[in-house]
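The FAD binding site feature in TrEMBL is assigned to B:34, B:55, B:63, B:99, B:385, B:392, B:393, B:394. Per TrEMBL, the feature NADP(+) binding site maps to B:170, B:171, B:172, B:173, B:214, B:215, B:226, B:392. Residues or ranges marked as domain 'FAD/NAD(P)-binding' by TrEMBL: B:25-183.
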């Protein structure tokens, strides 16, 4: 799914090119679609932990295989992609 | 004069379209992620803007090349996006140009409509304790620079003939250092780690790495991916103080998901009795690592001959405050730990580049509002770590750079930034550099370095064998 995002106007998605090294391809799915998909690995969950706007039906787009069954689904792309590893403040408090 | 200098060739890949003489011209100082992402957003959004990136080293990509750990090659995939940007018709890369020395920021402001400072953080926070200058004590910035081939750190020669290494700080950089110190050489030998570093690590006596933080487990600064990598590191076992984790388990249910999962993994590793296979694996592991909490460095203790580090004195802390806002307070107790290597991983730090650029000496960043530099004339912007402080991952910098680009574009649209005058752009800078005997490295020149490194790496089963010396880089670049 992330491969669809990369060349499109959705700049900044898929920064690591689908190798489980970022969370910029974070997508939010309908509950029904989410339930259809396979189990989430620890590795994917570790990166989802850092995704902006994490929901109960979030997945990393690069880990979702598109198939005929998924034709017609709606995928929501969150507004920001700010990884939780960024901090609000600018470095150490003085 | 101006129009004849508006024809740009993007290397061997064909002619660039020739922008109008009066096209807006932006100069970016720094060829790392911030510089490239700012450039990318600018050229993608306005069809008339020309962007030139200046970089001090002959090679581009900044910390993606020199900071990201060798065993995290996927994180470096962003270089492909940066390469596309550099090869864009309206973008050009100029390496081997030191802004502040070879050309001033004022001269850049005369040549360009806008200058974006994206030069990152090349310094580091110091501990400020006695013994910090002893042999055997290094900043994580230098240690990472050493194993990643940063020319300035080529002669670091860290002495790894000791059993215990203490790392101060518990962020992802600290964990990278621990992992590189303890990884089996068989894993490292197929990465782009430099050969001298690989050889040194192959001879290393380091068997135990302590990763020290002044607060507690709930304030652990690293993220779960990196913790999991340590837990799964072949040939190693975790060794932690169970007493550090009293009262932690009962906090789990109120923690937000990321902190909860991190703490669950930490508790599992530090406190739970492992099942049989794991127990066997731990018992046969020859190397150990662990977090030490509630400890702050007080002094680095010298060897008998006073030349090198032989231990570290740590103050024992307790916590005050509640919830998110907790701080360490010393109890008066101290503890000495024997060690021969101390790596301080307490943060990078930006430095001022040019007297013409305002700099906040307390926060060590360029004062700005959404990327527009304050306390100076229009036309100066900043992005990345020099704007926000040296934290966050590449994606953080990406968003930040897009924000600065948006601010700059907004200023162009609103007329706050005057783009009606004709500016010479890189042609003007080239003239200045020629007079000063400075020759830029173009992106096509970097591609020769890239090709040479890949070739040398192939011979050794590595993705690349980095050139370690600026002179050698220039020789290859200008062949």
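Including glycine, each Cβ sits where the backbone N, Cα and C put it.
Automatic, uncurated: that is what TrEMBL annotation is.
Here the features listed in TrEMBL are placed on the structure.
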{"residue": "B:99", "record": "FAD binding site", "Cβ neighbours (10 Å)": "23"}
{"residue": "B:170", "record": "NADP(+) binding site", "Cβ neighbours (10 Å)": "25"}
{"residue": "B:171", "record": "NADP(+) binding site", "Cβ neighbours (10 Å)": "20"}
{"residue": "B:172", "record": "NADP(+) binding site", "Cβ neighbours (10 Å)": "19"}
{"residue": "B:214", "record": "NADP(+) binding site", "Cβ neighbours (10 Å)": "22"}
{"residue": "B:215", "record": "NADP(+) binding site", "Cβ neighbours (10 Å)": "20"}
{"residue": "B:385", "record": "FAD binding site", "Cβ neighbours (10 Å)": "31"}
{"residue": "B:392", "record": "FAD binding site", "Cβ neighbours (10 Å)": "20"}
{"residue": "B:393", "record": "FAD binding site", "Cβ neighbours (10 Å)": "21"}
{"residue": "B:394", "record": "FAD binding site", "Cβ neighbours (10 Å)": "24"}
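Of the recorded residues, residue B:99 (FAD binding site) and residue B:173 (NADP(+) binding site) place their C-alpha atoms 28 Å from one another. Cβ neighbour counts within 10 Å, taken over all protein chains shown, single out B:55 as the most crowded of the binding-site residues B:55, B:226. Considering only the binding-site residues B:34, B:55, B:63, B:385, residue B:215 (NADP(+) binding site) has B:385 as its nearest partner by CA-CA distance. As a whole number, the greatest separation of Cα atoms within the NADP(+)-binding residue list B:170, B:171, B:172, B:173, B:214, B:215, B:226, B:392 is 20 Å.
In sequence order, the binding-site residues near chain A, meaning those of B:34, B:392, B:393 whose CB lies under 8 Å from a CB of that chain, are B:392, B:393. Across the residues the record lists as binding FAD (B:34, B:55, B:63, B:99, B:385, B:392, B:393, B:394), the two Cα atoms farthest apart are 25 Å from each other. Under a cutoff of 8 A between CB atoms, and with a sequence separation of 6+ in the same chain, the neighbours of residue B:63 (FAD binding site) are B:32, B:33, B:120. Listed binding-site residues: B:34, B:173; maximum Cβ neighbour count within 10 Å falls on B:34.
When secondary structure is read from DSSP and collapsed to three states, residue B:173 (NADP(+) binding site) falls in the helix class. Confidence over the domain 'FAD/NAD(P)-binding' (B:25-183), given as mean pLDDT on the 0 to 100 scale, stands at 98. A Cα-Cα distance of 20 Å separates residue B:172 (NADP(+) binding site) from residue B:34 (FAD binding site).
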